[in-house]
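Peer 1: Quick paste of what Swiss-Prot says about this protein:
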type	residues	note
MOD_RES	SER46	phosphoserine
MOD_RES	SER49	phosphoserine
BINDING	ASP170, ASP305, ARG322, SER354, SER355	arginine binding site
ACT_SITE	ASP254	active site
ACT_SITE	HIS303	active site
MOD_RES	LYS385	N6-acetyllysine
ACT_SITE	CYS407	active site, amidino-cysteine intermediate
Amino acid sequence: MLRVRCLRGGSRGAEAVHYIGSRLGGSLTGWVQRTFQSTQAATASSQNSCAAEDKATHPLPKDCPVSSYNEWDPLEEVIVGRAENACVPPFTVEVKANTYEKYWPFYQKNGGLYFPKDHLKKAVAEVEEMCNILSMEGVTVKRPDPIDWSLKYKTPDFESTGLYSAMPRDILMVVGNEIIEAPMAWRSRFFEYRAYRSIIKDYFHRGAKWTTAPKPTMADELYDQDYPIHSVEDRHKLAAQGKFVTTEFEPCFDAADFIRAGRDIFAQRSQVTNYLGIEWMRRHLAPDYRVHIISFKDPNPMHIDATFNIIGPGLVLSNPDRPCHQIDLFKKAGWTIVTPPTPVIPDDHPLWMSSKWLSMNVLMLDEKRVMVDANEVPIQKMFEKLGISTIKVNIRNANSLGGGFHCWTCDVRRRGTLQSYFD
């Protein structure tokens with residue numbers, strides 16, 4: 001990624017001239033060189049004013065509103081999503097590959113319409129209660145702007161309606177003092193970032209770094225139109241080969257396919273995150289952070305945090321139904337691998353966009369406090385045995401929209417420093 005500031009002067013500016021010139025070709029190298037020289041001269045003549053400007057507009061790191069390096073440091077500020085105006089996505093190939101067959105008639109009938117009104121009302125109430133409890137626990141809560149997701153839109157490559165702003169974890173990732181907007185992979189989520197822009201602009205004005213990953217065209221070439229939807233066996237074989245409904249046509253990823261542990265960040269190739277997307281993130285975060293690809297026995301991977309949820313330094317929840325192929329990496333580092341109990345959510349409860357394993361999709365308020373579903377008594381007891389106090393909140397109707405506490409939130413600021421847990 002090229003930054004404008006690389007041409008302001010100094011050795012980095014000179015390196016940028018050489019690089020940009022080589023990429024553009026000899027005919028434009030002279031123009032780049034002249035631009036660099038004039039910029040360098042202007043920078044030298046106004047060095048004092050630039051220094052004063054930098055001091056005025058760039059707060060010290062301790063003043064930055066965005067700062068989070070892992071999933072468990074003491075939580076100070078969080079973004080919580082909205083269920084209001086949530087719409088059923090059109091039943092396209094990428095949606096079909098990420099949903100259970102028993103719900104396909106629901107999508108075929110309701111695609112482009114609002115989710116059932118009564119259910120949304122209950123979900124809204126649950127999330128409001130979650131926000132109230134977070135506030136009582138001393139956490140600052142931010143909410144995305146309300147948007148009507150039923151509006152149709154069209155790009156040169158596709159047309160769609162929207163989905164929701166319920167799951168900030170899917171679209172936003174905080175790494176240190178930087179907030180990264182993920183490009184997403186569902187066409188119904190193309191404009192989801194708009195709900196968060198007022199929040200992110202405020203963070204930016206107050207000193208946070210703000211990066212938007214390359215936006216995919218989401219043209220037909222991004223999706224395998226012949227992906228074997230019905231055959232679980234075929235999907236297992238393809239998953240083992242690293243092949244999913246999204247192709248490598250262009251980078252795409254959801255932020256929820258990454259999970260942080262200080263300098264080490266773990267990512268999975270999934271139905272919505274491709275290798276190009278992971279590679280973009282790896283290059284962008286290097287050399288301060290190391291991005292590792294891990295995989296699971298899962299024919300339908302989408303988002304890592306209901307499969308592999310890191311809840312403390314050296315402590316991870318690992319889904320017994322989707323074992324991690326690289327689990328020895330964590331065992332050799334001395335980590336404790338905890339297998340969560342089977343969820344107790346009833347079979348007849350609608351889970352239009354997820355599995356029952358949202359029970360392990362928990363939010364850590366710090367190493368000794370966890371927000372957990374009030375109905376999931378077995379996992380509450382598991383946490384208590386680990387010496388972790390549970391903050392019980394009913395979120396079952398909100399689960400139906402595809403996420404648990406971790407999905408419904410994006411931790412913006414945690415009180416802690418960057419550390420390595422694998423050296």
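The first residue you see is number 1, and the count goes up from there.
Note that Cβ sites are derived from N, Cα and C of the backbone, with glycine treated the same way.
A quick note: this is a predicted structure, and the numbers were derived from the prediction, not measured.
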Peer 1: If you count Cβ atoms within 10 Å of each one, which of the recorded positions HIS303, ARG322, LYS385 comes out on top?
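Peer 2: Counting Cβ neighbours within 10 Å, the top one is HIS303.
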Peer 1: Could you tally the C-beta atoms, other than its own, that fall within 10 angstroms of the C-beta of ASP170 (arginine binding site)?
Peer 2: 28
Peer 1: Just to be sure I understand: of ASP254, LYS385, CYS407, which recorded positions have a C-alpha no more than 10 angstroms from the C-alpha of ASP305 (arginine binding site)?
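Peer 2: So far as Cα distances go, the recorded positions lying within 10 Å of ASP305 (arginine binding site) are CYS407.
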Peer 1: Whole-number Å only: compute the distance from the Cα of HIS303 (active site) to the Cα of ASP254 (active site).
Peer 2: 7
Peer 1: Using the residues the record lists for arginine (ASP170, ASP305, ARG322, SER354, SER355), what whole-number Å value is the largest Cα to Cα distance?
Peer 2: 20
Peer 1: Can you check which residues sit near SER354 (arginine binding site), meaning Cβ under 8 Å from its Cβ, same chain, 6 or more apart in sequence, and list them in order?
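Peer 2: Result: ALA306, ASN399, GLY402, GLY403.
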Peer 1: Helix, strand or coil: which one is ASP305 (arginine binding site) in, per DSSP?
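Peer 2: Once the DSSP labels are grouped into three classes, ASP305 (arginine binding site) ends up as helix.
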